[in-house]
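Asker: Can you read through this structure? Questions will come right after.
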Amino acid sequence: MPLSYQHFRRLLLLDDEAGPLEEELPRLADEGLNRRVAEDLNLGNLNVSIPWTHKVGNFTGLYSSTVPVFNPHWKTPSFPNIHLHQDIIKKCEQFVGPLTVNEKRRLQLIMPARFYPKVTKYLPLDKGIKPYYPEHLVNHYFQTRHYLHTLWKAGILYKRETTHSASFCGSPYSWEQDLQHGAESFHQQSSGILSRPPVGSSLQSKHRKSRLGLQSQQGHLARRQQGRSWSIRAGFHPTARRPFGVEPSGSGHTTNFASKSASCLHQSPVRKAAYPAVSTFEKHSSSGHAVEFHNLPPNSARSQSERPVFPCWWLQFRNSKPCSDYCLSLIVNLLEDWGPCAEHGEHHIRIPRTPSRVTGGVFLVDKNPHNTAESRLVVDFSQFSRGNYRVSWPKFAVPNLQSLTNLLSSNLSWLSLDVSAAFYHLPLHPAAMPHLLVGSSGLSRYVARLSSNSRILNNQHGTMPDLHDYCSRNLYVSLLLLYQTFGRKLHLYSHPIILGFRKIPMGVGLSPFLLAQFTSAICSVVRRAFPHCLAFSYMDDVVLGAKSVQHLESLFTAVTNFLLSLGIHLNPNKTKRWGYSLNFMGYVIGCYGSLPQEHIIQKIKECFRKLPINRPIDWKVCQRIVGLLGFAAPFTQCGYPALMPLYACIQSKQAFTFSPTYKAFLCKQYLNLYPVARQRPGLCQVFADATPTGWGLVMGHQRMRGTFSAPLPIHTAELLAACFARSRSGANIIGTDNSVVLSRKYTSFPWLLGCAANWILRGTSFVYVPSALNPADDPSRGRLGLSRPLLRLPFRPTTGRTSLYADSPSVPSHLPDRVHFASPLHVAWRPP
């Protein structure tokens, strides 16, 4: 007969009418009983022949992905002109006095941030914008280009101008070496790029000769020179051969020749000196691509009147006859002045050699589930986290639930600050630019590659493609609608572009680490400046707490002014005042302790409503269910151990079938949530110890011992002793010498025992006491006669790695011992 829910509850000692604990609890450690219960609840039967269920409520598993929804009316968010002050350490020191070693180290990490991957894979420009929405290709292309343009205008991206130079908007940092420093700076650099000076100077010829010894493939080199691109080292990189602005077009060959000869007009003496063997008219240098000339600065030797000689793909339509009612020339002729082919930033700097490639693709999604009106750019730099050359990102400590509760559960008033575009505050060194490239190959290539018009694709490498091969009704209608949104920017956005990150991007594993270091250092400074208040951060979420509302408001004003003086942009509309219950990291934290936020409780209820019984559920769906239930597990009676059968099925990659009893058990567990309370400091006066055959307790001056009916594994025996100590004494601070009991992770014990022990020991704090000093050591070995002196072991609540009381460094700094005795648990501990 299957086990009923009531019987199962009684078995786990969750009901009050259970017998004496010393008899009942050791039974739960019995392997035979655990196996029988698992069979009764159908937990062990992992091989099932019925088809798996792949969807439970909103949770989907294998073979199904959520279809992203494209919104043609997405607004591109605006970015303030974010510029974090370079002398941030000096400004903090003016505010709070000398910084601690920790604060200084963290702030130096991000001024500027550096990124050196082992290997960088370069992808063709066509992969720059991902075809994420096949139905809305053109629309998505322009929206993404507009987003990238907005980021560039806000000083978040560099624009690659030539192989060795980039331009950007906004205020420069000292490590961004300006191009206009005069001739001296060029001698130290391996690249000769001149942004403003005239094109053929002797300086460059000197330069080229010096580099020529390294060149074997001179043919590629001559082909690379166009406009301002003086890429010398490019020949080393066979992947970086194509000129920067490449667009297949009707006049591909002719334009290319013109550009070759035109660029020779300015540099012929230099050219011939450096490359005597290379002919300027190389037939194969043009693979059907028009070379664009927007790389030339407006005041260079080429005059404005010559521009029509090298028309760009977009403007070529102006002179051609419409091929149909949907010809692109009809759109191009709507405007007389389409504006420049390219924009250049306010500052030009030197960068390491950057090929005309991208290293990651981009696409747009909704800003968040609650805001579908605005878009968010997703950058896929996952190449750095994959494969043999993956970068192992630095680990950083995040406070666990208990530490967080100890820190923040108090009778303070709270408010949270919203840092706008937090990642884009942290500057990246220009040396990282070649590794973090995004961009696009221009509209013509994008449409050609993704259109069903095979003529375009076939013509790319053979005969000259016809300009009007691109015209189609879909493209015409899309562009006409986009023309109403973007106007003459359609022309600018239809050109190829390559952008590198100037601030840290979100798609790299290094960024969360750097952001966490930055905000925690700033909060540490604020805590020392206002010792009677509390400031705490997780990523970009910063919270302030103070004793009264008036006090909090004045703290808010002072901290806001301080953050603004550092160049940190706050979003005043999103400042939230929480009163005494702080909503933070998915929890509600008040003076009673922590509970999950209401929306998570609703999600759990919804999950149980949709959870089928007696049907095998795909283990991928089980992962999603465990993710949700695991978040709230610390607030239930049995905690994580209750989810162990689910964990086991996920590990063995088998389907899981919920029996009615197990589902009812979990459902009841999650309907009544108990707050996790903050730990209080105190003295430990109750000690527990065990041997495989017996247990012993010391409570004040009272000592007890007992034996087990059969020998047990030592960890199990120690856990039982701790449970007896708690139930006998009611004390919430217990001394033990077992590291597993100390860790309060009961998932490795027999399943029923783990569930019962979690409930008995809920809210208990443990203090480590070495075996040699443990007063309960003798009773556990059956010796009650000898009485050891009672230890006075103080218990201090843990706050993880967050030091709330960092000593200001005017005191001579010495590092205190973290742990005062060789605790196996603390030695082996890694940040969660």
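Going from the start of the chain as shown, residues are counted 1 onward.
The backbone N, Cα and C atoms fix where each Cβ goes, and this holds for glycine too.
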Asker: Say Swiss-Prot lists Asp540, Asp541 as binding Mg(2+): which of Asp418, Asp469, Asp618 is in the same site, per that record?
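Answerer: The candidate from Asp418, Asp469, Asp618 that Swiss-Prot ties to Mg(2+) along with Asp540, Asp541 is Asp418.
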Asker: Write out, in the order they occur in the sequence, the residues of the chain not among Asp418, Asp540, Asp541 that have a C-beta within 8 Å of the mean position of the C-beta atoms of the recorded Mg(2+) site.
Answerer: Ser416, Leu417, Val419, Ala422, Ser537, Met539, Val542
Asker: Looking only at DSSP and grouping its letters into three states, which state does Asp541 (Mg(2+) binding site) belong to?
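Answerer: Looking at the DSSP assignment, Asp541 (Mg(2+) binding site) belongs to a strand.
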Asker: On average, what pLDDT score does this prediction assign to the region 'Spacer' (178-335)?
Answerer: 45
Asker: Using Cβ atoms only, which residues of the same chain lie under 8 Å from Asp418 (Mg(2+) binding site) while being at least 6 residues apart in sequence?
Answerer: Asp540, Leu570, Asn571, Lys574, Thr575, Lys576
Asker: Under 8 Å Cβ to Cβ from Asp541 (Mg(2+) binding site), same chain, six or more residues apart: give me those in sequence order, or none if nothing qualifies.
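Answerer: Expected: Ser416, Phe584, Met585.
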